[in-house]
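Asks: Dumping what TrEMBL says about this protein:
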DOMAIN    54-160  domain 'WAC'
REGION    262-307  region 'Disordered'
COMPBIAS  270-280  compositional bias 'Low complexity'
DOMAIN    337-398  domain 'DDT'
COMPBIAS  496-518  compositional bias 'Basic and acidic residues'
REGION    496-626  region 'Disordered'
COMPBIAS  519-534  compositional bias 'Polar residues'
COMPBIAS  545-562  compositional bias 'Polar residues'
COMPBIAS  563-576  compositional bias 'Basic and acidic residues'
COMPBIAS  583-626  compositional bias 'Basic and acidic residues'
Amino acid sequence: MLRAEAAAAYISKIISGSQPQGRAALEEAVWKMPLFKRTPFGLAKPPEDLEPSELVYRVRFTKEIFRDYQEYLNQINLYRERIWMCKSTGKSNLTYEEALVSEKQAIQKVQQLPNELVAPALHIIQYSMLSLRDLADLIAKKLQKDLFVGAELHGRKDGDLYPCRVLKIVENGSGKIQYEVALLGKDKKITENIILHGDDLVWKKTPFSRNILKSFIRESTCRSIPWVLHDKLAQKHGISTDFPEELRSRFFFQDGQLVNRTKKRKNENRNNAGEANGESGKSKRKKGETGNLDTESNQPEEEPIKYPIDDLLVKPGPDDPLFTDRPSLSRDFNVPMDCVGDLLMVWDFCSSFSRVLNLSPFSLEDFENAICHKDSNLVLIMETHSALLRLLIKDGGEYSLALQKKKRKSKISLITWTEYICDFLEMINITELCSYMSTIKRGHYGLLEANAKLAILCELVCHALETDLIRGKLDELIEQRQTLGATRRGEALEYARKKREEKEQLKSEPDALVKENSMESTGSNPQIAENGDQTGEMVEEDVSSRQSNAFHNSRRQLNGQSKKAEKQNADPKAEAENTTNSNEKEAQKQRSGEKKEDPEKSKEKREQRREYFQREMEKRNVRTDPLGKDRDYNRYWWFRRDGRIFVESCDSKQWGYYSAKEEVDLLISSLNPKGERERALQKQLEKFYEKISTELQKRSKDLAQKIALEEAVLRRSTRVRAPPRENPANAFLKYVNKWKED
C-alpha cells in the first residue's frame, strides 16, 4: 500500500517522458505484454480523482493502482494463475510474472542479433508462408552468407584457420567483394590485417541460434502464416507492405486486418445455416452483449478452475467432501528440536550402509537414548563412531594420512576411540567442534550435549559419503536397480507379446475349426449328407454357434447327430471311422489343455514376480526422499526401518511424528486433492498405505509389550529388585555389534 501522491507522480513521469525512456518505454512494455489465452491483455487504468493523501494498492510488477482491496486481490490472484503465455518464446502455463521474466530474457537474446542482419531477416519474414521452425532455418541459412563489419569468424591463411574480425567490405574493379579482416590472437588482440575472399571466411559458430531467430520472428510480427511485420518496423527498414500477387487469391485486407478467404466463406455458410434454423439472431445478440461487456470491463470472463492448482489458491467449494481435522503431532523427542533432523540423517545413513560399515542395525529409539545418555563409553555410541572412522581409514584419504603422521595404530578399541575422534576434529579444523576436544580428551565424551555429539557424527557422515567405498556401493546399488528394472520391463513385454499371440490365435482358430468340421461332416461321413436335410441343418447351426463362442456345445450336438445317422444306416466301417476321429479329437483336446496354463495360476505368478521386484528394489534404495508436502510446505518423511511418519516444518525448525494407523487415516482424509502438493502427498500415502499400516501396527504391539514388561519390573518386590539393564527402556545399553570386523 502507498499514498496516491507517490503513485500519481510515478504515472506522470512515465506519461510526460521525464524518465530516461519516457513514453517509448511504456509503449514497448504494452507491446510486449504476456498473452492471456493467446490474446493481448490490457492493464487496468489508474483511478481518477485521486487525493494526494489517499491510500491505494499497487501491483509490484505491472504498476497498476487500485482503490479497492478486493479488486487488487482479484487481479493478483489472476496474475498468479498459470494461464499466461510468453509472446516471445511461446512458453505457456506460466504465471504473469514468470511470463514477464521470460519475455525480458528473450528480448535480451534477440538484441544479440547483429544490426546489419536485421533488415535482410525482416525481408525474408515479410509475408512468408513457412512454419516458424522452417522460417528460422531459412533465415539462418541465408544470413550465414551475408558477412558484416564486426563479424567474428575464422579466416583461411596458408591452409590453416585463424580467428578474425571483419573490418571493412572492399569491392574491387571486377565487381567481386573482398573483406579486410584482422587476425586475432590471445585476448582477441589484433595481430595482422589481411584481405580475404568470401570463400576463405568460415563460420565455426553462427552468432545466432534457432531459438533466437524464433523469438526475433515472434517479436517482429503481428500475424503468423503469412507472417506480417509490424507496420512501424516495416517502414523503419524500408520493407514493402504491399500484399504479394501470389497470395491475393487466398487472403485480403479488411479493416486493416488480414483475412483468409476460405475461412471467411466457411463462417458465412455457418451463419447462413444458423439463420435458417432461427439461431443466428440469438448468437449474434449474445456476441454483441459479450462484446459490450468486454469493452466496458477489461477483466476476462471467469472460467471453471482446472484442478489441481497451487494449494494456497484453493478455496472451499460446495462440492468438496467433508475433510477431517488434521491430527496433532507427537513431539516427545529426547534430543532438542533443532537436532531431530541431524538425528534422523545419521541414523538413516548408518542403517542404509550397515553392511559396508560392518555395523549391525539398531532402532531409532535406541540411538536417540544413547545420544542423550551420559555414559562416556557406551558401546552403541563407540561402535557408531568407530565404524565411520574405520571407513575413513580404509579409504586412504586425508584422515588416513593424518593418522600415519601421528603413527596411530589402525585398530580402534573401547579405550582409544576418543583419541581418533580428536584426530578427526583436528583435521577438519572447525572452531565450534574443536572446542569440544578438551572434554573428549579428559574422557568425558558422555558429558557433551546432544547437539555436539550429533554435529560430530554429521561431519563423519559427510566425509564418509565422499569415500570410494560408499560411492562404489552407491554405483553398485544403482546398477542393480537398473538391472532389475530392465528384467521387469522385459518380462512385461514378453507377457504382452504372448497375450497378443493368444488373441490372434483365438481370432484365427474358429474359422479353421469350422472348415475342419464341415469337411468331416461331408467327407468322412458321406451317409450323413445323403441322409437328408436334418443333418445339413445341424451343420449350419453348428457353424453359427461356433462363431458365437459356443464351440464345444455345438460340437457335442454335431457328434450326437452323426451317431444317430450312423445307427440308422448301420454301417460298421463308418462307425469305426467316427470312433477313431472322436478319439483323436479327445486326445487333441487333452494336449491343448495341457499347453494352456490356468489363468488364475498365471495371474498369481505375475503378482508374486511383481512383489519380488518391488521387494528387491526397496532393498537397494539409494536415498530416502520425502513422501511430499502439504499446503504449508511441511515435508513428510517415512523411514521403512522405523515405521513412523515424521513431519518437518518448512523452515526445518520444528519436527513431529505420527505413530498410529488411525492418525495416518485422519491425515489422508484431511488432504485436499484440489491442491498440487496435497494431491501428490495423498497419492504417495495411498501407495505405501499397506506397508505404513503394517509397520505402525507392528510398532504398536512392540510398544505394548515394552510397557507391560516395564510394569512387571516395577511390580517386583523391593527385596529382589531387577537390574536396570533388564528394563526394555534400557535396551540400548545391551547393544552388541554382531557385524564387527575381527
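Using the three backbone atoms N, Cα and C, a Cβ is placed for every residue, glycine included.
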Asks: Please count the residues of the domain 'DDT' (337-398) that DSSP assigns to helix (H, G, I), strand (E, B) and coil.
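Replies: With helix first, then strand, then coil, the domain 'DDT' (337-398) has 47 helix, 0 strand, 15 coil.
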Asks: On the DSSP side of things, how many residues of the domain 'WAC' (54-160) fall into helix, strand and coil, could you say?
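Replies: DSSP composition of the domain 'WAC' (54-160): 50 helix, 16 strand, 41 coil.
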Asks: Average the per-residue pLDDT over the domain 'DDT' (337-398) and send me the rounded value.
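Replies: Here the predicted model's pLDDT, averaged over the domain 'DDT' (337-398), is 92.
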